[in-house]
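K.L.:
Just lifted these from TrEMBL, have a look:
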BINDING   B:Asp103, B:Leu104, B:Thr105, B:Arg133, B:Gln147, B:Asp151, B:Arg297, B:Tyr301, B:Tyr302  L-histidine binding site
DOMAIN    B:1-396  domain 'Aminoacyl-transfer RNA synthetases class-II family profile'
Number of protein chains: 2
Amino acid sequence: MKPSLPQGTRDFGPEVVRKRQYILNTIKAVFELYGFQPLETPAMENLETLMGKYGEEGDKLIFKVLNNGLGDAKNIEKSKAAFENALQGKNDKNLTERALKYDLTIPFARYVAMNHGQLTFPFKRYQIQPVWRADRPQRGRYREFYQCDADVVGSKSLLNEVELTNIYHQAFTQLGIKNYELRINSRKILTGLAERVKAAEKFLEITIALDKFDKIGLKGVEEELRKIGLDEGDVVFITNGFLFISTHPNTNQERLRQLRVLFQKVPIALEGIDEIEYVLNHGNDNKTIVVDTTLARGLNYYTGIIFEAKAPAEVKIGSIGGGGRYDDLTGLFGVPNVPGVGISFGVDRIYDVMEDLKLFPETVEKGTKVLFFNLGDEEAKTTYRLLQEVRSAGVPAEIFHEAQKFDKQFKYAEKKNIPFIIIIGSAEVAEQTAVVKDLRSGQQQKLPFEKLKEFLFI
Amino acid sequence: MKPSLPQGTRDFGPEVVRKRQYILNTIKAVFELYGFQPLETPAMENLETLMGKYGEEGDKLIFKVLNNGLGDAKNIEKSKAAFENALQGKNDKNLTERALKYDLTIPFARYVAMNHGQLTFPFKRYQIQPVWRADRPQRGRYREFYQCDADVVGSKSLLNEVELTNIYHQAFTQLGIKNYELRINSRKILTGLAERVKAAEKFLEITIALDKFDKIGLKGVEEELRKIGLDEGDVVFITNGFLFISTHPNTNQERLRQLRVLFQKVPIALEGIDEIEYVLNHGNDNKTIVVDTTLARGLNYYTGIIFEAKAPAEVKIGSIGGGGRYDDLTGLFGVPNVPGVGISFGVDRIYDVMEDLKLFPETVEKGTKVLFFNLGDEEAKTTYRLLQEVRSAGVPAEIFHEAQKFDKQFKYAEKKNIPFIIIIGSAEVAEQTAVVKDLRSGQQQKLPFEKLKEFLFI
């Protein structure tokens, strides 16, 4: 049998795991610095927790887990009925009642709803875990991938939005990603826009049309808006008025001023504009923030400020994060009035950005620092003692597993990128010295045993 | 809808995540010190990768993932046929072709088989990931739990076994778990035992009987051996001869001597005894190692030395780790002759041991160190600048989200176990000072802004 991996899934070998860990640990440290606390939820959720939360298309992409014991004698009747239902496209509890989580937001809402009596609000949590989607795999799109989220729930304060913009800035800066852009808009402005074009009931459709701007451009959005049934004047208002604000270079202040002109009689939009202004005035880094009227974010649950972090233009990778404010996520689970705001980091894309721009520090890949050669059981006893001493000083070290020829042992060190080798033969045991070779420079020297730790620790 | 979790799964809140991370990071650091490299494999594997690898009982406990689009019009015929097969207890690719991984060993073997051309042997990898089993949930047994494994493949050297015993010792010691025991035995001795009682073909059944010793005791094992069909003399040889060696207090050396007497004419057993002796002589910690003839380990694939780590007797938790040598794990996937040896840490049980014995250091639970009170937008500007300075010094800090009454802000700090609060009112802004209060001691003092960082950093 020739082994293979399921489509859209990946193994991560040592080098990749280390680099991914570097990204995740950096972001995690920033979350902690801002007072966010870790949460982990199981891979499987009850199917009913997930279904109906991601739209019709989303529902189809949920991986469902088969109940065990379907073919068992005692379950035959139930299973038959379940299969009948499945053939009619209906979910049946006797076929599947669990599913793999599709994102971290709904499980978080489920957790808050289940535990709201015990939690201290505002509750600030971060969560870094894999999620699963039965999407058609393609470049940069996988069926298992990590999400990395931070959310505050139980607070309406805009200070949270300010904090989240600062988290983006600090995390990207620490990762070395300069020239990223944090796009900002408000669903309140979009709500105002729908009102302004006398199509409040078409708010979601308009949002979805705007959300396609990056892919289909201004002409495409125009087309979509016509399809929705907006009249020509309103289409022009949106494309030549509203979107124009962002498709032409300008300062954030000027864009906000133009928005105030467009929406002078639409209170909800003015509220959104004020909120954006508050965030711009309070953040410790508003140079990377860009007011962007083309930003819409497709997800239904956003109600206030929305964010999207864009990779530096030179790498052509697009979005590397996003988020926004929602009013009532836990309402879905019977606990109303828990407003919140959250952001997400796109780990896979951040990885690609960092590879493209060569931003991973060399130290990330550090594995074993020294290989002790194996010259046979007699010498190995001394070697083994020294090896343990070196390790006790915190230096990752190995002994070659067998007393093979030197060239084999050298090759092992080279392939594993181990910078130092140490050779202790019978002569060295007698002298209490070790031959130390730096494989990068080729330099070789004899050191007394007691100097070894010190030498390697540098 | 009242939200709930699938049976046998758990949410991990902030405190638990931090404690679990402490355990995993400690073990991980030891793995790295010994030259092991990280590997991650996907949650889902192809069903055929997993089926047939864990015995009939194991197969039943594998969580299978339903194919998407079963009820879609174009799939109806295939789905019907698949359902027919399922009702007869047969797997069908049109119903399910993926499953959640059941352990880390088989996915590792699959990885090695797929990548053996690129890997440097001996290949030393560690892997810390969740696995899933449809076991009936009970105290201490979950349907999703973490495994934490280290394996070396591509080497027959006993130095690997020595290294693994040292890893156990160093990891448990660093976690503060003293008085653990590392039980050691060899499947070669058990093979010799089966030969010695003229039942070589019943090796596995005998092993399974011995494996139950902890649960059913000596009498129970006797019963099982009779059921297998061993004659009375052989049953007595096993219980009163072989097992007696370990059920009575004695030194390892004496136990090995007694084993040599029992197996003087059984070469395979003598080989096993020699190997154990080698490990005892070469490990840097053989005080915690106990030669244990009752140790069998049920898994088919072990062929040499086997380990089991037992929790300190006072906590009554039993096994907290185990492993052993296998000859040919990747043979299952068409790549023969890759011998290896591995160990596993039982993370959930180690967690319980550490809770019972209060071994988690206080620093593990450290979250936010200081809460800045929010006294309104005007003061908040100064506060926010100082907050960012404190964070830039690496001190986790928060500002309360709204200018609420002091008692509410105090309560938040208390509930979140934040040790320091800082109050900056308009008087303080004018003076450039901050009121700092230590909530543990109740002590309060005024500090100039420039002293804040220094004070909090201690």
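The backbone N, Cα and C atoms fix where each Cβ goes, glycine too.
All annotation found in TrEMBL is predicted automatically rather than curated by experts.
What's the neighbourhood like for these features in this structure?
P.N.:
Taking the Cβ of B:Arg297 (L-histidine binding site) as centre and 10 Å as the limit, one finds 20 other Cβ atoms among all the protein chains shown.
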K.L.:
Using all protein chains shown, find which of the binding-site residues B:Thr105, B:Gln147 scores highest when you count other CB atoms within 10 A of its CB.
P.N.:
B:Thr105
K.L.:
Restricting to the same chain and to sequence separations of six or more, state which residues have a Cβ under 8 Å from that of B:Tyr302 (L-histidine binding site).
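P.N.:
B:Tyr302 (L-histidine binding site) has long-range Cβ partners B:Arg187, B:Gly324, B:Arg325, B:Tyr326.
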K.L.:
Let me check the 10 A CB neighbour count of B:Asp103 (L-histidine binding site). How many other CB atoms are there?
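P.N.:
Around B:Asp103 (L-histidine binding site), other Cβ atoms within 10 Å: 18.
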K.L.:
Do you know the mean pLDDT across the domain 'Aminoacyl-transfer RNA synthetases class-II family profile' (B:1-396)?
P.N.:
93
K.L.:
Going by DSSP, is B:Tyr302 (L-histidine binding site) sitting in a helix, a strand, or coil?
P.N.:
strand
